[in-house]
Amino acid sequence: MRIKVQKFGGTSVADLQCMQQVLNKVRAALDDGYKVLVVLSAMAGQTDYLLSLANRWSSTPDPAELDSMVTTGEQVSVALFSMLLQDQGIKARSLLGFQIPMRTDSNFGRARILDIDSPRLQAMLEQYDVLAIAGFQGCDCEDRLTTLGRGGSDTSAVAMAAATNAEVCEIYTDVDGVYTTDPNVCSQARKLDKIAYDEMLEMASMGAKVLQIRSVEFAKKFNVPVHVRSTFTDVPGTLLVQEDNSMESALVSGIAYDKDQALITLANVYDEPGISATIFEPLAIAGVVVDMIVQNPSREGRTDMTFTVPKGDLEQTLQIIDNIKDQIGAKAVFHNPKVSKVSVIGMGMRNHSGIASIAFKALRMENINIMLISTSEIKISCLVDEKYTELTVRTLHEAFGLDQKPQPACEEPGQSQ
Ligand code: ASP
Ligand code: MG
């Protein structure tokens, strides 16, 4: 049995007209001989509406009841879509998370998937040609309804593909793929044919909001090929896959940016065991997600500690730091909420040197000051003044020739580096 998963987001199921487009995509897959698992989101705006309703009813909505309510958004989409399919004579039915069942833990609002009843899904696919599956939702071991966090239908779709061994998981959305950078910032941005899971994780975690990050982690773990493409055209989108050799010809695949950063420097703290833990433990307990961390080498038993947090967490972070300031010996605390992080991402960096210097030279040409640098195997991130975010993105995009399709690597056989 050939199985395909097709996931459609809220804008793709917003009204009857949009759902007709969805129907065309599903029909094309059926014509190609596939059984189709169609994972749907709630109609555009519905989840926000439902959440606002709850917040009007209660100042502290019970998370379990909240999940019970927001799952209705997806329930409406799959039931309506099944009716459309049935009217076309297609053998189809809707399936809610608890009917599969898709078991999750009991972290309401951000539950993690534990298990999907794959044999049951397979059995239903014998009986039906299309299963319209409500995204974003599951149920815990006590049969309470749960949701996977905002954008969670992407993760539902990838999980369904993994559970049924589908050939591909197509994520249909209102953009036509993953770009080398945000096209709203850089008109030269180019759609990528392929991107490695690891690169996508870096892109997604930095504001390329095409997919829920967890869906990419899931796809990587279970090696599910994910095709991100547009509901409203037939052109191929971007394929997310395991790294392959052709990817190495592109040293850099994309430039991501994140404006939601605030910088904090603790000057002259003691350089002794336990100081970092003293600083970052209370922040972790408070749920502050610390991003870049840089500690300078010691000078006479003292050091500077610099890190970034989301802008909205700056006040709370400064309060926490104030409480421990004396304990860590900080002579001064500096902060700057007007910064953003721009990152150069590419698998090719692992085997090639000189990428950082290309980036730094390009920024020098534009007189852009770098406040903080951090690197990983496949990423170089620079913190810059917020007002230069767009210029930094465009400068780096050009420096790495990202507007041009990379040429396939043409090494002589037997030549090694
Ligand atoms: N409807 C949910 C949301 O708006 C889940 C999804 O669309 O993926 O976040
Ligand atoms: Mg989405």
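Every residue gets a Cβ built from N, Cα and C, even glycine.
All TrEMBL annotations are machine predictions without curation.
Record features (TrEMBL):
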BINDING   Lys7, Phe8, Gly9, Gly10, Thr173, Asp174, Tyr179, Lys209, Val210  ATP binding site
BINDING   Thr47, Glu74  substrate binding site
DOMAIN    264-342  domain 'ACT'
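Across the residues of the domain 'ACT' (264-342), the predicted structure has a mean pLDDT of 95. Secondary structure from DSSP puts Thr47 (substrate binding site) in a helix. The two recorded residues, Tyr179 (ATP binding site) and Thr47 (substrate binding site), have Cα atoms 27 Å apart. According to DSSP, Glu74 (substrate binding site) sits within a helical segment. Under DSSP, residues within the domain 'ACT' (264-342) fall into helix, strand and coil as 29 helix, 30 strand, 20 coil. A gap of 18 Å separates the Cα atoms of Thr47 (substrate binding site) and Val210 (ATP binding site). Between the CA atoms of Lys7 (ATP binding site) and Glu74 (substrate binding site) there is a gap of 12 Å.
Of the recorded residues, Thr173 (ATP binding site) and Glu74 (substrate binding site) place their C-alpha atoms 16 Å from one another. In this structure, Thr47 are the binding-site residues from Lys7, Thr47, Tyr179, Val210 whose C-beta falls under 6 Å of some atom of ligand 1. Here Glu74 (substrate binding site) is positioned 19 angstrom away from Val210 (ATP binding site), judged by their C-alpha atoms.
The number of other CB atoms found within 10 A of the CB of Tyr179 (ATP binding site), across every protein chain shown, is 22. By the rule that a residue counts when its Cβ sits under 6 Å from some atom of ligand 2, the binding-site residues Gly9, Thr47, Tyr179, Val210 yield Gly9.
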